[in-house]
Amino acid sequence: MYNLLKGKRGIIFGALDSNSIAWKVAESAHAEGATFVLTNAPIAMRMGEINELAEKTGSEIIPADVTKLEDIENLIEKSVEILGGKIDFVLHSIGMSVNVRKKIHYTDNNYDFTHKGFDISALSFHKVMQVLYKKDAMAEWGSIVALTYMAAQRVFPDYNDMADNKAYLESIARSFGYFFGRDHKVRVNTISQSPTATTAGNGVKGFSGFINYAEKMSPLGNATAQECADYTITLFSDLTKKVTLQNLFHDGGFSNMGVSNEIMAAFEDQE
Ligand SMILES: NC(=O)c1ccc[n+]([C@@H]2O[C@H](COP(=O)([O-])OP(=O)(O)OC[C@H]3O[C@@H](n4cnc5c(N)ncnc54)[C@H](O)[C@@H]3O)[C@@H](O)[C@H]2O)c1
């Protein structure tokens, strides 16, 4: 380890179980010397294993439903108190689509479900940043990261309304990131991660085809959850101070590929 986050204070959203990307980020942030608060929706706490992670990393847990401003306000006030100062890093690692969960086709989306998924997956990023900004809770040269997926730019038919949520999320990172940078020297970025076998990932229809295809298309293979955590730590560290308003692909090269030899081989000699 490199002590990259020594003395830094953070808030980590979205650790549900040991497969969660946020779980790996918490373990790595702890190993790099950070202290942080863990948070998740109250319902996820009951089903999840977050207590184990809190014990392991010496963290406190503060429940917050990210659709509720009062929950976010309470979380941020208490975090500053518990951690003893302003926040240096925030991870938004949250996604949920009711249409995906209920296997409702994109062309048949139920708009109540669309609203709910949008509120949780995209608007929540604005809400978290608005509360941090208004409370002046971020330290100068702090870093805010949200996780996203390339369906924001390209068509992946079974990603459903999450594709639209991710496009909005990435736009919020740029729009809010401008004001956070200008007024508080805080950077805001999204990491566009490879398909990863987590609760959210596995919920996408045809996920095994999806993940295997990406593996064969990417010169370096898919990025794992741990590799995503490693990359996230660099964005929280002082080594990336001038990186902001970016959507950063962390996908083994997938996003710049047209086709790979392995994929071509599967289609050769077909009429
Ligand atoms: N798994 C993948 O293939 C993949 C690929 C690219 C990006 N991502 C993104 O990574 C992020 C983390 O997902 P993951 O793959 O680790 O899955 P995960 O299921 O472990 O994490 C999703 C988290 O969102 C939380 N959440 C849902 N509703 C909430 C609410 N109302 N309030 C607060 N938290 C809530 C869940 O409790 C859970 O902890 C998501 O943004 C996801 O879209 C995942």
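Quick reminder: no glycine exception, Cβ is built from N, Cα and C everywhere.
Copied over from TrEMBL, here are the features:
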- G14, S20, I21, D65, V66, I94, K166: NAD(+) binding site (BINDING)
- Y149: active site, proton acceptor (ACT_SITE)
- Y159: active site, proton acceptor (ACT_SITE)
For NAD(+), whose listed binding residues are G14, S20, I21, D65, V66, I94, K166, the greatest C-alpha pairwise distance in Å:
19
Pick from Y149, Y159: which of these active-site residues has the biggest number of other Cβ atoms within 10 Å of its Cβ?
Y149
Given D65, Y149, Y159, K166 as the recorded positions, which ones have a Cβ positioned under 6 Å from some atom of ligand 1?
D65, Y149
At the Cα level, what's the spacing in Å between K166 (NAD(+) binding site) and Y149 (active site, proton acceptor), rounded?
7
Let me check the 10 A CB neighbour count of S20 (NAD(+) binding site). How many other CB atoms are there?
26
